[in-house]
Amino acid sequence: MTIQWFPGHMAKAKRQALEKIKIIDVVIELVDARIPLSSRNPMIDDIAKNKPRLMLLNKADLADPEVTEQWISYFESKGFMVLSIDAQKGTGIKKIPQLVTKLAEPLINKMKAKGMNPRAIRALILGIPNVGKSTVINRLANRKIAKIGDKPGVTKAQQWIKVGKTMELLDTPGILWPKFEDQAVGYRLALTGAIKEEIIDFQDATVFLLTFLREHYSEKLKERYNLTVLPDDIGEMYDAIGRKRGCLMGGGLVDYDRVAEVLFRDFRSGTLGRMSLEVPGNRR
Ligand code: G4P
């Protein structure tokens, strides 16, 4: 099945993001640390081009720490200010206001030069669905902010949340859609929970995952499913994992759908271990 990419939705999201950005000093771009490229929308560079930007690699608790370090260097070499965080537990969140203020230094200096009293720096969180935007906003606000889309038909007035003395955050994030430039991007997005798995071919995505895990995380795979050797053939891998996990149908045949579900769940929840599905310089 080919994933649809809706240019109309993209254009609308871009318009809305551009509208929000007008009153913003600093853009906080949120990506998934496990797939920092696939979870970005290329339009962000266009949308945020005139604003200082902080890039947050979220869900770092689920990503391979070594690979996350490589991503930090990669984005820093491209001129970004980067921070890896775990918004669910709150790790790294405290550093955000400091970095936002640092990014806004030229603006603060300009205000001072004009004899103005520097005001709080206004920030906006931008990112694709499910990347953790609301979780970050709630962490920064220290309370639960209603999510847009929580109440159908209700449009929420935007408000500023005070974060410390020097920063204000818009309480509604900017939402951008991921761009499915190829099937692999779609699989990565589904595997990390950014898009519903119903819109991709579930079995194809599982084969993609198994092929990837065999190549890059074979030890973790063996450990999790108690396998002494990993078969070369993907079908045999399904069989081996299915038997170990009791995913069987009548007649003792392995139920491939259940094996796929187990693999998907174990990857998404981090039960398989901390893993990244993308590495700088190699889209894998
Ligand atoms: P969004 O606003 O960008 O759409 O994303 P949201 O904050 O709703 O987060 C999407 C899911 O990702 C939530 O899980 C949230 O708990 C989880 N999440 C956010 N940040 C992190 C993180 O740093 N690490 C991990 N492991 N998870 C994170 P959910 O399944 O929708 O809900 P629940 O698990 O919290 O019940």
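Including glycine, each Cβ sits where the backbone N, Cα and C put it.
Here TrEMBL flags 11-178 as domain 'CP-type G'. Annotation source TrEMBL lists GTP binding site at ASN58, LYS59, ALA60, ASP61, ASN130, VAL131, GLY132, LYS133, SER134, THR135, GLY174.
Whole-number maximum of the Cα to Cα distances across the GTP-binding residues ASN58, LYS59, ALA60, ASP61, ASN130, VAL131, GLY132, LYS133, SER134, THR135, GLY174: 24 angstrom. Neighbour counts of Cβ atoms within 10 Å were taken for the binding-site residues GLY132, GLY174; the minimum is at GLY132. Cβ neighbour density within 10 Å is lowest for ASN130 among the binding-site residues ASN58, ASN130. Reduced to three states, the DSSP call for ASN58 (GTP binding site) is strand. The least crowded of the binding-site residues ALA60, SER134, judged by other CB atoms within 10 A of its own CB, is SER134.
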